[in-house]
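Would you mind keeping the following structure in view while I ask a few things?
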């Protein structure tokens, strides 16, 4: 069956990854040590997308855990699902990358990368028909960003025809851990544009907003944020892991979502999101789910899609959902919001259904959107990058690891190109021969 090999790099990647494995182990009826004690055959049917079967009814994740310092790994190992992972699949250095992209990409990370690739190769050889790789990492740090992108390009060389999906945590405007985030993120985006097939953009600030506004948590922890991310990751891969009426896999998702190869940065959302106390006051229905996933407040990237237009989007519904109802709701959304969908891609919403809901819910839905408003995210990082780069602030940390200023300039211009490509398609109309008219103006009045 169509297996996926999962990599998690850096502290952020490992923590999101751990939450993801916890979520899908629960969905497949595995306990903390990987022993199956589920209730339904459906849980077993496609277990091998993410798990290898070992002896004694034990299942082992196809996960490779990478970090340049041992701390995070120890935390994962000591966590509730620490016994799940194969001990050989922990690959870690001792030095740490110190939030320095150059260390992760060129010096420290480059020394460790062959070791990681050996493990990846071994996992890939254990697959019948490998579908692709998914990697969780953040773009603001050193290991996840620098070494993560190095791994992506190396895996790309070795498995050119396999899908590469990344779940990338973008630096957010208000929640910043390090000063050099804009540098690290710009250098990473420069790599992702070239080497990834689909990048799901997640951003801490948007996750905080969801926790505070929708889930009514007063001081959300990283655990709460990671739980949200793992819900989306589980949703995106549902169709691979359970039989459904209308299935989708990484490649189908990419074919439907990526109109131009460089524009593969998606916004994601999840529904139902309700605060713990309000569960009993709401019925989860298809219209309710559809309204929630198209609500800007539920997007896990801090950019408002009302400032742009959707090129394409995909909605994945789980649970006992009627096909017709989904179609009607989606058509309804498109008719009401025609201004937010480009008219030169008709039927640009793809739907997928899976009959098995996540634990504890009757139905749920996951949203993936390719919207031109994602450019706000890149613009924001780009402005911060330019401000520092103009003064050459902090550059010596990077040049000291053997980087060249040229690389920074290239990365900056590549990201600016990406922004202008998004802008160009946002303004494009069906009849390109006509004069370009400014479509942004009428949207202001609607708010």
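Each Cβ is built from the backbone N, Cα and C atoms, and glycine gets one as well.
So Swiss-Prot says this about it:
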type: BINDING; residues: 11, 69, 138, 142, 143, 144, 204, 226; note: GTP binding site
type: BINDING; residues: 69; note: Mg(2+) binding site
type: COMPBIAS; residues: 432-447; note: compositional bias 'Acidic residues'
type: REGION; residues: 424-447; note: region 'Disordered'
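Walk me through where these features lie, including what they touch and how far apart they are.
Counted within 10 Å of its Cβ, the other Cβ atoms near residue 142 (GTP binding site) come to 29, all protein chains included.
The Cβ of residue 69 (GTP binding site) lies under 8 Å from the Cβ of 92, 93, 94, 95, 96, 97, 143, each on the same chain and at least six residues away in sequence.
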Looking at Cβ-Cβ distances, which residues of the chain lie under 8 angstroms from residue 138 (GTP binding site) while being 6 or more apart from it?
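Non-local contacts for residue 138 (GTP binding site): 10, 11, 12, 13, 144, 145, 168, 169, 171.
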Per residue, counting other C-beta atoms within 10 angstroms of the C-beta, which of the binding-site residues 11, 143, 204, 226 reaches the highest number?
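Going through 11, 143, 204, 226 one by one, the largest Cβ count within 10 Å is at 143.
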